[in-house]
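Undergrad: Please see the structure below; I have some questions.
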Amino acid sequence: MNSGTKSRKGEAELPSKQHSNDARRRRPALDGVDGVQRRRSYAASSLASLAALNTHVCAATSLLIWLFLDTFVFGKPSVLGAVQGVITGLVCITPAAGVVQCWAAMVMGLISGSIPWYTMMVLQNKIKFLRYIDDTMGMLHTHALAGSLGGVLAGVFASPKLSRLFYALPPNSQKYIGLAYALQSDRTSAGFRQLGLQLVGIAFIVLLNILVTSLICLFAKLIVPLRVSDGELEGGDDEIHGEQAYALWADGWRYNNSKHNSVYEAHGWRNYHSSKHNSVYDAHDSDYCASSFSKSPPSLVQMI
């Protein structure tokens, strides 16, 4: 979890707030959602396979759409764009993974990769109110909006046949029918009714989340401050621990050596300063040179 924005030299000027290593940390989200979607059918069946397939199809489509929009608007794709696209796709397909066809999952991925992208990357910077929302992780766009879209689209693309299988209904039941199928079978009223139920469910979930989250924050406020300092906004690891979790920037960072009470510098993982031997050696593609060593350079353990 990130504690805030991170400002670094040479960083790409994309309107994004998270570190590129989120791509690695978000991988469990895909595995977790995939497992949840399969278990919702309570059996190792074709319906579980369809839910897993729809999950991956929607997430992949959303990823591609997000990267395409990043490239078209900002001139290049970004790792964070790929991560956000996957997350919005996973959130959007969750309400409908077991009751929609694969083509509908692609359409949902197209929508989940475009509308949240627009609100997060464009409206976020244009609407003054959105700029004042303390939303470091972008939950308003990737979860609230994408989840609401998924709920609405489930009421549009829900297949009557798949709904009967999912809810174990009689073969002739038309209880759960998406608006797209209702318009084709002269059951328009049933389709709009289902869509209305989806909207009511979304409103209930939004109000419930606001209430419960507010209570949790009020309780947490009694124990720890809810706001972070300006230093933590620049980089939580640097402010709290005095070091960076990922020293990937070429301008170099200084690290305290608690054993010898000394400091060594790392420039792009290549140059190291040894206070013990008062010398510096560079590592460039396994070619080492030492300024005060007649023999082979010492190991990093020996240096420290």
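Glycine residues also receive a Cβ, built from the backbone N, Cα and C atoms like all the rest.
Not my notes, these are from TrEMBL:
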| type | residues | note |
| --- | --- | --- |
| REGION | 1-30 | region 'Disordered' |
| COMPBIAS | 8-23 | compositional bias 'Basic and acidic residues' |
| DOMAIN | 44-246 | domain 'Ammonium transporter AmtB-like' |
| TRANSMEM | 47-69 | transmembrane segment |
| TRANSMEM | 103-123 | transmembrane segment |
| TRANSMEM | 144-162 | transmembrane segment |
| TRANSMEM | 195-220 | transmembrane segment |
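Just tell me what is around each of these and how deep it sits.
TA: Among residues of the same chain six or more beyond the transmembrane segment (144-162), those with a C-beta under 8 A of the stretch's C-beta atoms are 47, 50, 87-89, 91-96, 98-101, 104, 107-108, 111-112, 115-116, 119, 173-174, 176-181, 191, 194-195, 197-199, 201-202, 205-206.
Non-local neighbours of the transmembrane segment (195-220) in the same chain are 144, 147-148, 151-152, 154-156, 179, 226; each lies 6+ residues outside the stretch with a CB under 8 Å from one of its CB atoms.
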Undergrad: Can you tell me the mean pLDDT for the domain 'Ammonium transporter AmtB-like' (44-246)?
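TA: For the domain 'Ammonium transporter AmtB-like' (44-246), the model's average pLDDT rounds to 89.
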